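Report on one structure; see the data block that follows.
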Amino acid sequence: VVEEEDGGDRTGQDGAMIWNDKFETSWTTQFKALLHRAWIVKQSETLDHLNFYMFMITAVAMGLVWFQSGTQEENIRDRFGLVFFVAIFWSFFTMSMAAAAFGGERAVLIKERAQGSYRLSAYYLAKQVAEMPLNWLNPSLFVIIVYWMADMNPNVGSFFAYWALVILGVELSVSIGLFVSAAETSLKRAMVWLTVIILGSVLFAGYFIHIDNIPVWIRWMQWISFFKYLLGSQSTAIFADNLRFECAESDSAYSVCNNGGSEIPGPHVLTNRGIQDIGLVYVLVALFATIALRVATYFTLFYRYKPKSPTF
């Protein structure tokens, strides 16, 4: 039931405003219905038994390989390897899943919008709200298993900081995947773009080669490497001041050991690896990129997936 108001606007039976005469239901009603639909679709994907088994088997396998990592100087690289592996695993997987987010829904989305079934804003926001908590489920279980089996850092505060940063990495990866999915209708081409993005980001993250050893004329690309911010922030959480490593008996790679010290503090490890101890800056950049890409995805959908009479 819809009632006309003096100004031409209308209100639905639920009392919520209907923004356009084209729609017979309010934005709120559209959002609730789309939220329920998006939740059902994402739930079946997240709780898929094959995916769940893959995550758990991988987590346990990693926990066994890095089981109770030591605190000798030689174990420092091992811990960096674990942080790197977790970051790249979830970045690649979540991007790949997000890359197919809109391709299969394109025809339905255009048709339903052309029929005036709902606003794009209601569809997009409902999809984000429904999927976000489900995006966190498997990574959270994964981190709990790997972190404590590998004894990445015994401090509980470091655990929660690392968990939050892994989740942020998941959300940033989802944002990149969603944007590419919205901009590129071909899944094959989308996967090519994502492969280029991931490999490029990894190359300039400073893990395989020290940033100072990269040629000056392309060194600036480190600042657009999303992986630099993920690896930097997550490493800062693990290599906190409470985590200390025993110096090698000879030929130590750390100045603190060569100057008579017996332990290597976590922050000193970061400095040696070329990672600045500015974890908050890394987090803010990653958070800004996550939000900016979600907004960019919305407007890309609006222009790429629009019917003849598009509506916000």
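Using the three backbone atoms N, Cα and C, a Cβ is placed for every residue, glycine included.
Bear in mind that TrEMBL entries carry predicted annotations, made automatically and left uncurated.
The domain 'ABC-2 type transporter transmembrane' annotation in TrEMBL covers 29-232.
Residues annotated as transmembrane segment in TrEMBL: 50-68 (among others).
Among the features that TrEMBL reports, transmembrane segment is placed at 80-103 (among others).
Here TrEMBL flags 124-148 (among others) as transmembrane segment.
Among residues of the same chain six or more beyond the transmembrane segment (160-180), those with a C-beta under 8 A of the stretch's C-beta atoms are 86-87, 90-92, 94-99, 101-102, 131-132, 135-136, 139-140, 143-144, 147, 152-153, 190, 193-194, 197, 226, 230, 233-234, 237-238, 283, 286-287, 289-291, 293-294, 296-297, 300. Annotation comment: TrEMBL describes 160-180 (among others) as transmembrane segment.
Marked as transmembrane segment by TrEMBL: 192-211 (among others).
TrEMBL lists 280-303 (among others) with the feature transmembrane segment. Cβ atoms under 8 Å from those of the transmembrane segment (280-303) belong to residues 102, 109, 120-121, 124, 128, 165, 168-169, 171-172, 175-176, 178-179, 182-183, 226, 228-230, 232-233, 236, 310, 312 of the same chain, restricted to positions at least 6 beyond its ends.
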*asked:* If I count Cβ-Cβ pairs under 8 A between the transmembrane segment (124-148) and each of 50-68, 80-103, 192-211, which range comes out on top?
replied: 50-68
_Residue numbers, six or more beyond the limits of the transmembrane segment (50-68), whose CB comes under 8 Å of its CB atoms_ = 78-79, 81-82, 85-86, 89, 138, 141-142, 145-146, 148-151
